[in-house]
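Peer 1: First, the structure itself, so that you have it in front of you.
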């Protein structure tokens, strides 16, 4: 890491001794915040672990209905974005504002690509009815008091209708998988976790993209540079954590059946 | 502190943080930790009055003075929920750290401000937003779950107002995390020259330990509350037995935060008491390190004891025994503190101004609360006392008798520094007598009621319990009156109090070495520290 020089035009805040002092403090603050992010997802991972052990078949069948190819592409997209983010930090530190801005724009583009792929995944799930809890039933008012088994789910309604299957691009292979899913009681549990975990992660991706946009503007206006790049590095660290969480989510949800 | 060469020049004495900028806008946008502290004060005091209103309503209803019950069962449950949620999330948790901590911490460290002043102001507004979201559930869709939001009732049965309350608590948790983060970095990075970690005042050790809990526990509450929201809107089923989920998992998640949260409430109070005891005993504190490290020890043990809330939830006997034993460990660092405070007073020059009375009140009430906590930590007795008024009395003794006593003592102690004026000592003492007496009259009978088997949270009770409930209700009016007197004393002090000197109590920590009220950046010259924080002799 290049050291921060306090001799330039950048003025550190009044209550710090020097720019280095301010930089070290800010960095500590960001890391502490990232700990809380990890712990928050930690709660979900604990829940996933418990229910995976309670309902192994539900999680196996559910996992097989996810499109691992889309998940893998998204993993690559996020890894690339982590690289461009790291490169952007490096370029800002070296004062190469133009290429730094390009890198940041690429990172935002990756975040966008990630969300677009997520959109296709989600909308397919909505169509075939592999959704959590109350939305999985044809009649959402049915099933109160634990009698969900007597209600018809969206999947079984869909499976009866060849026209709808055709329209929603459901292959014969997927039909077998969907049948396997609804063969188990409490099958909605897997999708509860899938949507909460990927949904919360998706919100973080959007938040991260907005933060990167803020940094992008700062870079274009040359508010950051070799003498002051704390916000760039902070947002970068946040982005890496968003990436890291996905690195765990992808195998857990898509691959570990 | 012996060497603080921070003597204020008289020319600067009339320029302070209160008149550094003028107008409401300069307060709303201030980055000064002292002003933000006072803004928390105003907010928390207002919320405290609302929470107190619900408390008095509950007590009045339970006294059964008239033939007709005062509240219908539904309203009673809502009163109980709002009393609990407001007092826990909006008064006791932010009370000392966000208000007194914000005001005192940077000055005691010899810093100009907290590490992230803008984040500090943001935390305040996030807190306000959270409180507003939570309060909106009072208007739109009232909640009757109790402040613990136990599933499956909260997710499957009751109104959607839970979403608002839960979202409000989530937002306030965010504010709590950011304040804790700010304090940790400030303590690490902004200490004055010579202020080593074993020279920081005990208040700071307490706030530091609290901040660690805030950072490590609050995210778990965040995800738990989000899951309740997801449960209600999407029906994800993680806590809903209808869908295969497990309500006991909710209790594990919830108490994994909420038990450490109890120490978010009490540790700063213990910090305040450490300051008060040395200042009013005019003696070096006994066992500085023991008190300091016991704060950290309490923070550490706090994460391993959540299971004692669930002795009767069907968890295994082994788990019950383990949680029971670990819970009793909390008594060790707590007793270390208490004995050190008593040793500090021993042969000290003890004076009994109002803040010291509150400190002594804290020690008395907290000891009762702590000892009854040992009863509840024993699995055998807990099965008997579980969900009775014994528990209610226990946690009110600890949380109210502990935290609110310390909060009042702390306000009166630091008042001269905040406003440059003294409060009426007589007013403070009257307030103390009323609160202290009223508190015992209210909650001691509840131990007896609990032992007799009166369940908590119930709208109605058997005739045998009537007398004790009526005594308890009368006591609650004394508490109310006591806080009213306290409020009048404070308001009178702000406007009419006599001028305070820089160090009216003769205390040694850094905040008393600057002028009252302090200048905008706390010190004219940054102090250099050469000795421990309480060198009286």
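Heads up, the Cβ atoms here are built off N, Cα and C, so glycines get one too.
Sharing the features that TrEMBL gives for it:
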- B:19-530: domain 'Cytochrome oxidase subunit I profile' (DOMAIN)
- B:38-62: transmembrane segment (TRANSMEM)
- B:82-107: transmembrane segment (TRANSMEM)
- B:119-141: transmembrane segment (TRANSMEM)
- B:161-185: transmembrane segment (TRANSMEM)
- B:205-229: transmembrane segment (TRANSMEM)
- B:249-273: transmembrane segment (TRANSMEM)
- B:285-306: transmembrane segment (TRANSMEM)
- B:318-336: transmembrane segment (TRANSMEM)
- B:357-377: transmembrane segment (TRANSMEM)
- B:389-415: transmembrane segment (TRANSMEM)
- B:427-454: transmembrane segment (TRANSMEM)
- B:474-495: transmembrane segment (TRANSMEM)
Peer 1: So are the transmembrane segment (B:474-495) and the transmembrane segment (B:389-415) touching or not, going by 3+ C-beta pairs under 8 A with a sequence gap of 6 or more?
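Peer 2: Contact criterion met.
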Peer 1: Between the transmembrane segment (B:205-229) and the transmembrane segment (B:119-141), do 3 or more CB pairs sit under 8 angstroms, pairs being 6 or more residues apart?
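Peer 2: Contact between the transmembrane segment (B:119-141) and the transmembrane segment (B:205-229): absent.
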Peer 1: Should anything in the same chain at least six residues away from the transmembrane segment (B:205-229) have a Cβ under 8 Å from its Cβ atoms, list it; otherwise answer none.
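Peer 2: Distant Cβ neighbours of the transmembrane segment (B:205-229) are 97, 101, 105, 149, 151, 154-155, 162-163, 166-167, 169-170, 173-174, 176-177, 179-181, 183-184, 187, 236, 238-239, 250, 253-254, 256-258, 260-261, 263-264, 267-272, 274, 291-292, 295-296, 298-299, 302-303.
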Peer 1: Where, among B:82-107, B:249-273, B:357-377, do we find the most CB pairs under 8 A to the transmembrane segment (B:285-306)?
Peer 2: B:249-273
Peer 1: Would you kindly list the residues that approach the transmembrane segment (B:389-415) from elsewhere in its chain, counting only those six or more residues past its ends and only Cβ-Cβ distances under 8 Å?
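Peer 2: Those are 41, 92, 95-96, 99-100, 103-104, 262, 265-266, 268-270, 272-273, 275-276, 279, 354-359, 361-362, 365-366, 368-370, 372-373, 375-376, 421-423, 428, 431-432, 435-436, 439, 442-444, 446-447, 449-451, 454-456, 486, 489-490, 493, 497, 505, 511, in sequence order.
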Peer 1: Hey, which bits of the same chain come close to the transmembrane segment (B:357-377), Cβ under 8 Å, at least six residues off its ends?
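Peer 2: For the transmembrane segment (B:357-377), the nonlocal Cβ contacts are 266, 269, 272-273, 276-277, 280, 308, 324, 327-328, 330-331, 334-335, 338, 341-342, 385, 390-391, 393-399, 401-402, 405-406, 408-409, 412, 428-429, 432, 435-436, 439-440, 447.
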Peer 1: Take the transmembrane segment (B:427-454) and find every residue of the same chain, 6 or more past its ends, with a Cβ under 8 Å from one of its Cβ atoms.
Peer 2: 59, 353-355, 357-358, 361, 364-365, 372, 385, 388-394, 396-397, 400-401, 404-405, 408, 412, 461-462, 464-465, 468-469, 471-483, 485-486, 488-489, 492-493
Peer 1: I'd like to know the mean pLDDT over the domain 'Cytochrome oxidase subunit I profile' (B:19-530).
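Peer 2: Overall, the domain 'Cytochrome oxidase subunit I profile' (B:19-530) comes to a mean pLDDT of 94.
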